[in-house]
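First up is the structure itself, then whatever we jot down about it.
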Amino acid sequence: MFEQLNGRKILNEFDFVFPENGLVQIEKGQEVGKQDIIGHLGEPTLKRFINFVLRYLSELEVPIKRGTFIEFRNGMMNVCPIGRQCSREERNMFAAFDNEHGIRKQMIEVLKEEFKDVDLTYSIGGQISFDVFPKGWDKTYCLRHIEKYHSFKQIHFFGDKTEAGGNDHEIYSDPRTIGHKVATPDDTVRILTEMFNL
């Protein structure tokens, strides 16, 4: 998150920050809560999942492969078929390849079948990867914290992957939020400018 948002100073610029699908809760710059996928799923299940993914990826035919195929986070795993250490050009090339061949969608279907005994959710986000997390640990998780400690008349959400299977879908379509589909940061600025008559 910090590399995407100009370092840790972002924590002090907003009242609330909810990284990792809201499983880490930061209020006024201080962490106030966190969920942990290891404790939830257990080490045997995690090892089984990671071993299967690495075997699958070792046989997957894609145009390139780089490093960091599984990124482990507090509340989820991020799986990247080409590796997160790809360049911007390689990222764009894989995105086009994936749009044509459905690499991530196919892999998710295989994982759903292999791990049907584990209550996991698979969510495509960005250009090159997908997230895997326990059912219910999607982006709506942050709403639990907000509802428990605060009362807001409206909660607006801005996201690009709002279609079913996208990592913004659940919170975008949740009745507790007003969802806004955006394609670029400029879209978000435009909508906020209109909302606040700036």
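Keep in mind that glycine also has a Cβ here, set from the backbone N, Cα and C atoms.
Automatic, uncurated: that is what TrEMBL annotation is.
Feature annotations, courtesy of TrEMBL:
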type: BINDING; residues: ARG73, ARG84, ARG91, SER129, ASP131; note: alpha-D-mannose 1-phosphate binding site
type: BINDING; residues: ASP160, TYR172, ASP174, THR177; note: Mg(2+) binding site
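A simple way to gauge crowding: the CB of ASP131 (alpha-D-mannose 1-phosphate binding site) has 23 other CB atoms within 10 angstroms, across all the protein chains here. The Cβ of THR177 (Mg(2+) binding site) lies under 8 Å from the Cβ of LEU143, ILE155, HIS156, PHE157, ILE171, each of which sits 6+ residues away along the same chain. According to its DSSP assignment, TYR172 (Mg(2+) binding site) is helical. Counting only the Cα atoms, the space from ARG84 (alpha-D-mannose 1-phosphate binding site) to ASP174 (Mg(2+) binding site) is about 30 angstrom. Cα of ASP131 (alpha-D-mannose 1-phosphate binding site) to Cα of TYR172 (Mg(2+) binding site): a distance of 17 Å. TYR172 (Mg(2+) binding site) and SER129 (alpha-D-mannose 1-phosphate binding site) have their C-alpha atoms 20 Å apart, to the nearest angstrom. Counting every protein chain shown, the Cβ of ASP160 (Mg(2+) binding site) has 17 other Cβ atoms within 10 Å.
For SER129 (alpha-D-mannose 1-phosphate binding site), applying a Cβ distance below 8 Å and a minimum sequence separation of six or more within one chain yields GLU71, ASN78, VAL79, CYS80, PRO81, ARG84, ARG104.
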